[in-house]
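Each remark here refers to the structure printed beneath this line.
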Amino acid sequence: MSTVANVLQTLTDMGFSEGKAKLALTETSWKGVEAAMEWLLAHADDPEPSGVADKSEEGSEENPESKEGTPSESKPIILTEEEKKAKLRRLEELRVLKRKEREEAEKSSEVEKEKKRISEGKMLSSIRKNQDDLEMKKIAEERRREKLETQRAKERVRGQIEEDKRARREAEEKRRNPNAPRISSIPPPSIKPVAASSSEPNPKYTQSRIQIRLPNGSTLVQTFSVKESLSSVRLYTNMNRSDPEFNGSACQFMTSFPRKVFTQEEYEKTLESLELVPSAVLIVKK
């Protein structure tokens, strides 16, 4: 926006007297050159403000040597009709030019705003797409880990079943023939494959997906670092559960397979040390 001095200088450069220019700005609440020009065009035939004459008289009192020339200088310049029309045409052209410049500036500003909006929209779409891609990769990785864990659990179950069968056969054979030495030498070959399969190196996991089953049947699912303690899972559960059975006290966890109730000391151990990776199901005791 132009300063007051710049606006006043622009109006005086157009041929208006300083007094009339100031009056125009005052009447238009100092809204700028264009508003002042419109007021001046509408009041082109109005006489000069009295302030101009007063200033001229003050000047004549300060310069007595030029007193005789003062009356003619303080009089407003009288224009002919042709001069008035020419001046009005020029003012109208200037007003139209100023308006056109303002409209072009506003249009240019709108174009820049639209470009910025489009650019920000594209950037936002790119960010959302990257987030969606990462989420899909995360889901795929979790499913792969769950499948692997399910397979490992089945292998452990099969191994346990075979071990139970072997133990029952051994017990039955000893019952039938207590003095037979051959039974103790038979089991080792059947035990070794199970031990070998269970001793395979585990993948290095950094996160564990924990499903928490609440007493009312609802579940909470959250991913934790394998280095976090079981107490962190308990804290998360207490902060996020809303089942009616919750009374504000710390919950206790157990697992169904293998059946296990965690002791108070185990809550300070990591999920990795408790073998709750890459995923596990914890049941909140009632």
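Note: Cβ is positioned from N, Cα and C throughout, glycine not excepted.
Lifted from TrEMBL, the feature list:
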- 1-43: domain 'UBA' (DOMAIN)
- 41-211: region 'Disordered' (REGION)
- 54-70: compositional bias 'Basic and acidic residues' (COMPBIAS)
- 81-120: compositional bias 'Basic and acidic residues' (COMPBIAS)
- 129-176: compositional bias 'Basic and acidic residues' (COMPBIAS)
- 200-211: compositional bias 'Polar residues' (COMPBIAS)
- 203-284: domain 'UBX' (DOMAIN)
Model confidence over the domain 'UBA' (1-43), averaged pLDDT: 80
Outside the compositional bias 'Basic and acidic residues' (81-120), six or more residues from its ends: residues with CB under 8 Å to it: 14-15, 33-34, 37-38, 40-41, 44-45
DSSP-derived helix, strand and coil totals, residue by residue, for the domain 'UBA' (1-43): 30 helix, 0 strand, 13 coil
Helix-strand-coil residue split for the compositional bias 'Basic and acidic residues' (81-120), DSSP-based: 40 helix, 0 strand, 0 coil
DSSP-assigned states of the compositional bias 'Basic and acidic residues' (129-176) in counts, ordered helix, strand, coil: 48 helix, 0 strand, 0 coil
The domain 'UBX' (203-284): DSSP-derived helix, strand, coil residue counts: 15 helix, 29 strand, 38 coil
